[in-house]
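Enquirer: Pasting the relevant annotations from Swiss-Prot:
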- Asp66, Gly67, Asn137, Asp138, Arg148, Arg165, Asp167, Thr178, Ala179, Tyr180, Ser181, Met182, Ser183: NAD(+) binding site (BINDING)
- Asp66: active site, proton acceptor (ACT_SITE)
Amino acid sequence: MNFGIVVNISREQALHLARTLATWFDERHIGYMFETLSGSTLGLGPSAPIEELNCHCDVFISLGGDGTLLFTSHHAVTKPVIGINVGYLGFLAEFTQSEMFAAVEKVLSGNYSLHTRSQLEATAFMDGVSHQFRALNDAVLEKGTYPRIPAFIIKLDGELLSAYRADGIIIATSTGSTAYSMSAGGPIIAPKSSVFVITPICPHMLTVRPIVISDDKVIEISVDAPDGEFPLNCDGSLKKMLAPHECITIKKSPVAINLVANEKRNYGEILRTKLLWGREHDGCCS
């Protein structure tokens, strides 16, 4: 079994863990390969570009926060990802630093389970060619630097849902419901629910609220504005600048993400400890 290792090189603790992990693998003659930037920063090898790492490994290890895990999962495709939290929140990264070796040993023994998470797929045309972008958390179309309030036109399966005058629109998966969508007033949704949530960003309308829809729907979004360019971000990464009236479609991706599960944690505990959900000032839920 070979492991692909992706490290948040901006965090010294993540680099320290990576060195420790490489030594641990070497002592046990276990195969591993770093993502190129991680390997060059550490001065360790072998390494390969992130786009090629999937061809050389069976399991991925993410050493960083949720952003590192999102980046890793996009390139892992369906291969298992062990998320070690060396970040601030660590909502998606299942394991603490002290649990790293136990998690790896579980995978080596085959005695592990997976959390399979659905993704969305955004389709846009660039130079006349269709491009697909996957996201585990969300796709966000926003006004960017446009100085006025545009209207975001949303259709479901070809039928008009509404026109939102807002700073942007978030289309989130159930996994992504606790990310940007939640910050914009969207609901918390259990991670294996087969739904999308459509959340407007700062809508200039008192009657507009987030809406939850089945993830078997095809969502079409365009921007009604006389001019300007509007950024499309998938999991926080800029994918395209949309012109007025240019349409993107969003649907459930056929590719799911497999996260190695930490069976010591449950979703309610994660909400309470990471988001302080339901906690009163006296700490009665601690």
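Cβ atoms are placed via backbone N, Cα and C, with glycine included.
Buried or exposed, and what's around them? Tell me for each listed feature.
Expert: Less than 8 angstroms from the CB of Ser181 (NAD(+) binding site) sit Asp138, Ile170, Ala172, Val197, Thr199, Pro210, each of them six or more residues away in the same chain.
Long-range Cβ proximity for Asp66 (NAD(+) binding site), meaning a same-chain Cβ under 8 A and a gap of 6 or more residues, is found for Gly87, Leu89, Gly90, Phe91, Leu92, Ala93.
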Enquirer: Checking the spread of the NAD(+) site as listed (Asp66, Gly67, Asn137, Asp138, Arg148, Arg165, Asp167, Thr178, Ala179, Tyr180, Ser181, Met182, Ser183): what is the longest Cα-Cα distance, in whole Å?
Expert: 33
Enquirer: I'd like the Cβ neighbour count for Arg148 (NAD(+) binding site), meaning other Cβ atoms within 10 Å of its Cβ, all protein chains included.
Expert: 10
Enquirer: Asn137 (NAD(+) binding site) has how many other Cβ neighbours within 10 Å of its own Cβ?
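Expert: I get 25 for this one.
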